[in-house]
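Scroll down for the structure; my scribbles are underneath it.
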Amino acid sequence: MITPQEALQRTIEHREIFHDEMLHLMRLIMRGDMSPVMAAAIITGLRVKKETIGEITAAATVMREFARHVDVQDNSNFVDIVGTGGDGSHTFNISTATMFVSAAAGAKVAKHGNRGVSSKSGSADVLEALGVNIDLQPEQVAASITETGMGFMFAPNHHPAMKNIAPVRRELGVRTIFNILGPLTNPAGAPNQLQGVFHPDLVGIQVRVMQRLGARHVLVVYGRDGMDEVSLGAATLVGELRNGEITEYEIHPEDFGMQMVSNRTLKVADAAESKVLLLEALDNKPGVAREIVTLNAGTALYSANVAESIADGIRLAREAIASGKARAKVDELVRFTQQFKH
């Protein structure tokens, strides 16, 4: 089998690491059997040569192997709403707000997230600010999804093996393959996904990785203004996997009768500010926050196969917000998760 030194040499020569070799190297890293120096060198080398679809697929396969899984029996209309983060836009937690709206409209949502790394407020931070207990065991998350239609998986609880590479990632301080693996390794194995990415090149890459990993209906999105969400401020690049086929296209707010507006007003300094915007959107307060959540929830409902199109999803999302159902989902998740407080 390939040695870490051989793998490093290969990245230096800009040559690909093959599937079985990548599986082997990732297992060494996840088990803590590779020295921090070699692990740092290899993940940096991969970034410099640019990770291939095959390398990312193999790495995601191993991360899934090492994860603590959430077993959800019925996976119809089951969707993961996630962003790679790292888009540097510092907006409020649009994907977290999207989770509540999507669940209110009939999807089951497994949200996989963490505390803010590059953002001022990660999904875990804003959920805690809302009063949600994010520290659940896998079977409690499964119960949460079954009962409320929503489950939040706090990444450190589900990827314990990541602690072996965490110090290396922290010290390097640059983006590595691990930044794009998070969205590919949902511990509940949701077959459908709305995935936001921080770079246009990742749209085509991530949708093909999800195809290889056996996903059902995936929309990978990149807002041309740099957002890892469906954007109101620019066109959004979409890579869609459906029935095994991939199509790539662009969507615009105007396609759905929405106005193009800058995302500037969506910027927040911390989780408390993010909570305010999130609740304003769910309380049906007219404004950019409500519109961008509606647009993203419409897209998520389409990927969850609750809606027949994004336009149909937007209609359902508007209903879920206007009826007060989306706002009620926040209290429901708070109540359900608080019963597990130790």
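Each Cβ is built from the backbone N, Cα and C atoms, and glycine gets one as well.
Per Swiss-Prot, 5-phospho-alpha-D-ribose 1-diphosphate binding site is recorded for GLY83, 86-87, THR91, 93-96, 111-119, SER123. All protein chains shown were included, and the count of other CB atoms within 10 Å of the CB of THR91 (5-phospho-alpha-D-ribose 1-diphosphate binding site) stands at 23.
If you take the C-beta of GLY83 (5-phospho-alpha-D-ribose 1-diphosphate binding site) and look for same-chain residues 6 or more apart in sequence within under 8 angstroms, you find SER95, PRO183, GLN195, GLY196, VAL197, PHE198, ASP228, GLU229. Per Swiss-Prot, anthranilate 1 binding site is recorded for GLY83, ASN114.
In the three-state DSSP reading, SER95 (5-phospho-alpha-D-ribose 1-diphosphate binding site) counts as helix. Per Swiss-Prot, Mg(2+) 1 binding site is recorded for SER95, GLU229.
Neighbour count (other Cβ atoms within 10 Å of the Cβ, all protein chains): 18 for ARG169 (anthranilate 2 binding site). Mapped onto three states, the DSSP output places ARG169 (anthranilate 2 binding site) in helix. According to Swiss-Prot, the anthranilate 2 binding site annotation covers ARG169.
The DSSP secondary structure for GLU229 (Mg(2+) 1 binding site) is coil. Annotated Mg(2+) 2 binding site per Swiss-Prot: ASP228, GLU229, in sequence order, evidence recorded as sequence analysis.
With a 10 A radius on its CB, GLU229 (Mg(2+) 1 binding site) counts 27 other CB atoms from all the protein chains. Within the set of binding-site residues (SER95, ASN114), the lowest number of other Cβ atoms found within 10 Å of a Cβ is recorded at ASN114. Cβ neighbours of ARG115 (5-phospho-alpha-D-ribose 1-diphosphate binding site) (same chain, under 8 Å, six or more residues apart in sequence): GLY122, ALA124, ASP125. Here the Cα atom of HIS112 (5-phospho-alpha-D-ribose 1-diphosphate binding site) is found 19 Å from that of ARG169 (anthranilate 2 binding site). Rounded to the nearest whole angstrom, the C-alpha distance between ASN114 (anthranilate 1 binding site) and ARG169 (anthranilate 2 binding site) is 15. Geometry remark: THR91 (5-phospho-alpha-D-ribose 1-diphosphate binding site) versus ARG169 (anthranilate 2 binding site), CA distance 24 Å.
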